[in-house]
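Please read the structure below before turning to the comments.
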Amino acid sequence: MTAQRPHSVSPHTGHMTKRQLLAALGATTVLLPLSPALARTSSVTERKGETMQIEVVAEGVGFPEGPVIMKDGSLLFVDVRHGTLSRLGTDGKVTVVAETGGGPNGAAIGPDGAVYICNNGGFEWHEVQGHLIPSHAAADYKGGSIQRVDLKTGKVTVLYDHCGDEPLRGPNDLVFDKTGGFWFTDHGKSYPDRRDHGAIYYARADGSQITKIRGDLLSPNGIGLSPAGDRIYFADTQTGRLFAIDLDGPGIAKAPPAPWLPGHLIATLPGFQLLDSLKVEADGKVCVGTLVEGGITVFSPDGTHEHVPFPDLSVTNLVFGGKDMRDVWATGSSSGKIYRCRWPRPGLPLNFYA
C-alpha cells in the first residue's frame, strides 16, 4: 500500500472524449498488471453552492464494482477484470476473499450471510489513455450466472445459470427483499456483429426458483427497491433512462403502463450519458452511478434529477453505510479507484448485512 498527500482533482477527466470512449470498444491493447494500493487523495466537488470532500480510499484495484458495506466497517467489492471478490479493510489493506472467475459485476449479502454475485461471464478489455474499458464478450465466455460465496471458506457455488431453457447472458446487479428473495438484472451481451438483449428476474436464495419478470430490454443495469418495497427501480445504460416497476408482492410485478414500456419512465438524461448501478436513499430518491459525465445522478420519483460530479469518468456503483447511513463508498471502475464521501442525506438500509 502507498499513501499520497491530498491534492485537488478536476471533476472531469478532460483527456478522453465521448467519441474516444465509444472508439475504445473496438480498440486493441495490451493490459498491464494492476497492483492494489491505498491512497489518501481527496478532491472537492460543488453541489448547490456547497462543497463535498471526496476521498480516494483505494486505487489500483482492477475494475471495482458491487461495493458491499460490512458490519465491521470493511468494504467488499468485486473486480470485474480479474474475477475476484475482495475486502478493503478499515486499515486500508485489500485482500482477496474468493476467486469467482468470469466477470463478477454486482454483489449483495443474502439472508444466510453469504455474498450473492451477478457474474456477467467476462468481457474483452481495452485500455485508452489510462482508462480500462469493457467491451464485447470475452473469448472464453460461456454464459452468465448467479453465484453464492461463503465468506468463511471462500467457496463459490453457482446458484443459477439458466431460467428454464434460457441461459443467463450477463447478470449485472441485484437487490434482496425482506422475504429473502432477490431481483436482478441481466444486462445482456454484446458481440462485434450483434447484441443479446437483457431482462429482469426474481429468484430465491436457496436456488429453488427463478422467474423472468421483464424480457427484451436493451441494457438493464442497476436495480433497487423503494423504501416501502412496493416498486423496483432499474437503470438502462445505453438509453440513459431510469424506470420503475410497481409490485403486487415478492416477485410479482404489476402490468406496465403500456405494452411497449417495461415500466414507468422516471427520467431520461440529456445528451450522451450512461447509467450504471444504483442505491436508494431513505427518502426514496434514487442515486445512480453515471458514466462519461462522471458522478452520481440523484433522481426524485417525480423525475427531477441532480448530478453530483466526481473526479472520475466512470462512477459505476455506490453503497451507503456508517452509523447515520450518510457515508458513501463509490467505485470508479475504469480508473481502478474506490471513493468515499459524506452524503447530504441518509441511504436506505439494505435488508441483510454480515
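Count begins at 1; order follows the chain as displayed.
Here the Cβ of each residue, glycine as well, is placed from N, Cα and C on the backbone.
What TrEMBL says about this one:
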DOMAIN    63-331  domain 'SMP-30/Gluconolactonase/LRE-like region'
BINDING   ASN172  substrate binding site
BINDING   ASN221, ASP276  divalent metal cation binding site
ACT_SITE  ASP276  active site, proton donor/acceptor
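Across the fold, the C-alpha of ASN221 (divalent metal cation binding site) and the C-alpha of ASN172 (substrate binding site) stand 6 Å from each other. All protein chains shown were included, and the count of other CB atoms within 10 Å of the CB of ASN172 (substrate binding site) stands at 30. Mean predicted confidence for the domain 'SMP-30/Gluconolactonase/LRE-like region' (63-331): the pLDDT average there is 98. Cβ neighbour count for ASP276 (divalent metal cation binding site) (all protein chains, 10 Å cutoff from its Cβ): 24.
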